[in-house]
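Q: I have a structure I would like to understand better, so I am pasting it below and will then ask my questions one at a time.
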Amino acid sequence: MSGAYGAPGPLPEVGAERSGVKDLFGGIGYLLRGLGWVARRPAQWVFGLIPALIVLAVYGAALVFLAFQVDGLAGWVTGFADGWSDAARTSARVVAGIAIFGSALFVALITFTAVTLLVGDPFYEAIAVRVEESQGGAPPDPGVPLMVSIGRAVKDTLILGAVALGFAVVFFACGFLPVIGQTVVPVVAGLVSGYFLAGELSSVALERRGILRKERFVRMRANRALVVGFGAATVVVFLIPLGAVLAMPGAVAGATLMVRERLAGGPEGEERLVTPGDGGPAAYH
């Protein structure tokens, strides 16, 4: 790894020997370390809540509106069941309602982070830099013009939204499958949500290193178990009422640590010095 802050290094070898289970739990560990980092720095936590609260108000209003409309939407989607018996028609509409709201929640989970990062870019950039500094030093500012940075963020958010919508349609259709639609599909949706969520959260630290969307996902694929572990754990926390808001600063901090130590690439065998109280590597010397 070049430099003291985990500058871009060679991609980890996809075939390298590494325990998938160990990486899965390692990803969870990064989220816990990030939450611990902000817990020890309440001012940073409060600072990071501001954009998340703004976006939550908008998303919350949209989901509440959908909840009041879901019966009508379910009836429209299941128009083919109008001639069925009352029990069968009701069952079909209940399944449709769950699928509609579940698909909306899936899209909301993924895009909430992207939109929050877009709205709160200065906030989360500042948190990421402070995390890096606490670990030995932050990479230099890439010097990208503000409008270029905003344009790139908007483009990435729109692309992510389109991908999320595509997956939501698939999961919505699969939600009608007996048993599988109510058991396996939600789990798969959670894992997919987590993967993209991790990609968005890690974008702050990766873009500061000049690693943009395409290469970001290449590096994520090379560390799939690690990324899924981090993302899935974040999804679980975000599903807790107000969890997405309260945990957002910690999730950004955890993703920054994950980028610094793993996703930025570089040798695995370099000695890492631990800063007391930060729960992880301080710097590379």
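Positions of Cβ are set from backbone N, Cα and C atoms, glycine also.
So TrEMBL lists these for the protein:
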TRANSMEM  45-68  transmembrane segment
TRANSMEM  94-120  transmembrane segment
TRANSMEM  157-181  transmembrane segment
TRANSMEM  187-206  transmembrane segment
TRANSMEM  226-248  transmembrane segment
Q: Residues sitting near the transmembrane segment (226-248): Cβ under 8 Å, six or more positions beyond its termini, same chain?
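A: Long-range Cβ neighbours of the transmembrane segment (226-248): 23-28, 30-32, 35, 48-49, 52-53, 56, 109, 112-113, 116, 190-191, 193-199, 201-202, 220, 254-255, 258, 262-263.
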Q: By a Cβ-Cβ criterion of under 8 Å, what residues six or more beyond either terminus of the transmembrane segment (45-68) are in contact with it?
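A: Contacts with the transmembrane segment (45-68): 38-39, 100-101, 104-105, 108, 112, 115-116, 119-120, 123-124, 126-127, 242, 244-246, 248-250, 252.
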